[in-house]
Ligand SMILES: Nc1ncnc2c1ncn2[C@@H]1O[C@H](COP(=O)(O)OP(=O)(O)O)[C@@H](O)[C@H]1O
Ligand SMILES: [Mg+2]
């Protein structure tokens, strides 16, 4: 057999397997059950407008708060980690390793339940607020490492040029290093943002007031009250509407960076 | 000691300068000076410590021991305001080191505004004047990546000049350039020398050293081996090491 013939046969076999698999799934699947359990229009209608005005809105708001908080915390931690002062470096390293090593769910649980009981402290914003603080605490650890990598990727000559012009270290950082570092890390930072969007779903463990519910909590409550999975599908679509443009953006930025500026 | 610059002393005076990186002693007791208005070219084989000496002069490198006096101000003294001294010392790097995220005009105004506390309008006027001086007036809005290497290096010179420095340090300013772009940069430097700028130039351009230099300093192995008028050092070197080096590069 000629190599080209063999290649063509192999390609044909792959297509055949795919078509058989599709046919088998189509024949075996209980389409009625799928339709009535996952795509029930009446149940879907029930979910509106709350799934948008409350749930999707809260998901976006929580993500924004956690991201901004995580960026501020991450920047401080990154600068501490690059500090010439030993104790700052050690503290930042310990923090980053700790919170990257723990499941986010456990941290949320701690802030929502353990911390308030232990210290007789009511977090602002109730359970949602406590959960958000936990998300910020965890996000800061990841973002810190990203920012540190970005700062270290800025060529040493940039700092030398700024310092040789008489610019103070603080101005050098703000006007020369950070703008270049953030340009370098825009793709990974956008990835952190996408991960954060999905991680807001973990807030359900905190147990939230009705108006504080985000997409996953909202969908789960609807699923149990309606005994139907359609709200879950709606929530999934909402997540994709938010995350897909961002992941596309990351892909585009990465192609752009590869080509060089 | 008063930290005000003086005009009756050498622009740069280096005494018994030692610099080590770990166990590697790179400068082994350098005595060196540049008078005001003088153009001193530093030559020598790669790795001889030329860049390190130049970078010690504005303390981008921390000297291990020794004294460096710039316009009468001891910059190795802990109380000296280094940032202030640096605004009087222009530095031009082999790799240009323009700020890639800023356009040419902002490259030239940033430190004027941040370090010299000039207003934006004044800074821009000074920037445009210096761009014109290096023949790039029309490139104010371009980004560094849109310029050739030679243009980038001239922008870097204009950036340093915009701080109104009393002296300029050049570290192999044409070594990273395509041969056909070297001339434009050297022309700008020659004009600067004619205008009376104090210059310390690490270079492999022997033609430039001969034509523009008031003095040539030959370094090898972390020491100054020989120095003097260009025609003497380059034309009639006294030391074997100088002769060996020149026979390779000329
Ligand atoms: N930052 C540094 N860390 C360690 N060694 C260095 C550093 N900079 C320069 N050196 C060493 O110092 C020596 C002299 O370097 P340099 O001053 O750049 O020489 P030149 O400019 O004459 O080529 C070289 O051996 C080089 O490896
Ligand atoms: Mg060098």
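Keep in mind that glycine also has a Cβ here, set from the backbone N, Cα and C atoms.
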Annotated stretch (transmembrane segment, per TrEMBL) among the listed ranges A:210-230, A:231-251: A:231-251
Listed range which TrEMBL flags as transmembrane segment, given the options A:125-144, A:145-164: A:125-144
Range among A:101-119, A:177-195 that TrEMBL annotates as transmembrane segment: A:101-119
Remote residues contacting the transmembrane segment (A:231-251) - C-beta distance under 8 A, at least 6 residues beyond either end: 38-39, 43-44, 47, 51-52, 55-56, 59-60, 187, 190-191, 193-194, 197-198, 215-216, 218-220, 222-223
Long-range neighbours of the transmembrane segment (A:101-119), counting only residues six or more past its ends (CB under 8 A): 127, 130-131, 133-135, 137-138, 199, 202-203, 205-207
Long-range Cβ neighbours of the transmembrane segment (A:12-31) (under 8 Å; 6 or more residues past either end): none
Distal contacts, the transmembrane segment (A:60-80) - CB-CB under 8 A, six or more residues away: 88-89, 91-92, 95-96, 128, 132, 135-148, 151, 173, 192-193, 196-197, 199-200, 203, 214, 242
